[in-house]
Amino acid sequence: MGGVEDDEPASKRMKLSSGELRGLSNGSAFTEPIAGSSRDLMARPLPSEGDEEVIGPKGVIKRVEFVRIIAKALYSLGYNKSGAHLEEESGIPLQSSVVNLFMQQILDGNWDESVSTLPNIGLLDESVIKSASFLILEQKFFEFLDGEKVMDALKTLRTEIAPLCINNNRVRELSSCLVWPSHCGFVGAKSRSKLLEELQELLPPTIMIPERRLEHLVEQALILQREACTFHNSSDKDMSLYTDHNCGRDQIPSQTLQILKDHTDEVWFLKFSHNGKYLASSSNDRSAIIWEVDANGGVTLKHKLSGHQKSVSCVSWSSDDHQLLTCGVEEAVRRWDVSSGDCLHVYEKVGVGLVSCSWHPNGKWIFSGVNDKSICMWELDGKELECWKGQRTLKISDLEVTSNGKLIISMCKDSAILLLDREERVERFIEEDQTITSFSLSRDNRFLLVNLLNQEIHLWNIEGDIKLVAQYKGHKRTRFVIRSCFGGLEQAFIASGSEDSQVYLWHRGSCELIEALSGHSGAVNCVSWNPTNPHMLASGSDDRTIRIWGLKDLNVKRKDGQSNGIHYCNGGT
């Protein structure tokens, strides 16, 4: 069969109506209908098939592909005259004449002709031809049903769709549509332009360029630049196409903006609320404090929570940030109203002490670790709903519940973490070679950050098969529980306390240590990164203070900006 040349200039090419053009998966110009049977046509080779001219300083961009993608982008943006002019001036058509004919046949509903044209557009894979034919004939079937031509639809199904011998389940569904349309979910045939979009996903990109291909390439380039940027910690809308992206260290919170001195003993735990408007801290002074973060990033004391008889080891925010749990060391868990500061309930068990606390995301249940190594679930009024006994937790342990309420995570042995699926009743474990001191769950529930006795922090992927994905080193830990956290834009950084009085920051992906922040005069026990402000970090120390870190050279009025010069270590000077 002979090839068909398309020598007509772009100005003579027929265009679709503007409405149809906007809905197309491929909004290009089309040639005038070609006389004769489509069986006599063969795809005219595009210049890209034989023209290897390259452009760009690296010599890796094929000119023909580049021009076609630009033309595709122009049509997709609605610049049809510009797209047609580019085709005419470059001599590079967006598609072959036979592809244009095929697309026109689809839009005109010439189903038999379009099926006949399919083998001539350059497809070599018989399975792709069959799958594309199935989509076209399915559309023909549904349009017959729309027109209440049931016998014609039945004939199409029996003599055209079924003989393709593919997708038998779908063939049975189409059969049921003939008898009971509502049962198979039939609500009418899709638009023909939607059919073209589906065909485009099926056909090779050399035949029909994917929709928004240029945008995809540009986005991909920006994302790669962002991922390669060690200090990227600002909104993606600040990225520009005009220059290569490269953030400086000034995007990392590394300057003390405030020092909070309302605790009278070591600060053991810190956690920002989900909405970033509050910070909760707990201390060896048997109190917890709710701090309020104003619109300018200033932090002020809202409520000091008293009532625990022992040191307060941890806190946990409800999903709506209206309530806070605090846990005393082997004592009780208290539930507080954030607005008023009132204690709403005290959770206790006779003869044992509670060691950790966490919320179920529905806000109706709470969990606590118990020093008999069990984990309990309570209703808000204190009624115990369930208790998982056995080696479920330790006397010193963190407790996390995933945001879907499915997984309970706790240290069950010195060197192991339990991932308990409370719905499936399945237990999985993270096994370490070293003693685990603390852990932190990522916001997306996919990763666990584990602090170890040997001065390492391990990042574990807990989605699907559990696997170790990264290790962070540099901070100091010899005697005390040191905590770390995820933080920054898209949680791209890791922060940790350290016994050398510094806060350590790593790039999560590269594991590169990027900052060691000085300022505290005692061991830094805990850190928390504001989830809504990537430029705000808090750290708590044995020096009895909380430091709020922000960007350098900000015009912010600082409170108590100087250290008192006294070095505290677990309460001693």
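Glycine residues also receive a Cβ, built from the backbone N, Cα and C atoms like all the rest.
If you look up TrEMBL, you'll see 1-50 marked as region 'Disordered'.
Marked as domain 'CTLH' by TrEMBL: 104-152.
Model confidence over the repeat 'WD' (260-301) is summarised by a mean pLDDT of 97. Here TrEMBL flags 260-301 (among others) as repeat 'WD'.
According to TrEMBL, the feature repeat 'WD' maps to 305-346 (among others). If one looks beyond the repeat 'WD' (305-346) by at least 6 residues along the same chain, the residues whose Cβ comes under 8 Å of a Cβ in the stretch are 265, 268-269, 271, 273-275, 277-278, 280-290, 353-359, 361-363, 366, 368, 371, 380-382, 395-396, 398-399, 403.
The repeat 'WD' annotation in TrEMBL covers 517-559 (among others). Helix, strand and coil counts under DSSP for the repeat 'WD' (517-559) come to 0 helix, 18 strand, 25 coil.
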Intrachain residues whose Cβ lies under 8 Å of the repeat 'WD' (260-301), provided they are six or more past its termini:
308-317, 319, 321, 324, 326, 328, 336, 338, 341, 481, 483, 522, 525-533, 536, 538-542, 544-548, 550, 556-557, 559-560, 568, 570-571
Using DSSP, how many residues in the repeat 'WD' (305-346) fall into helix, strand and coil?
0 helix, 23 strand, 19 coil
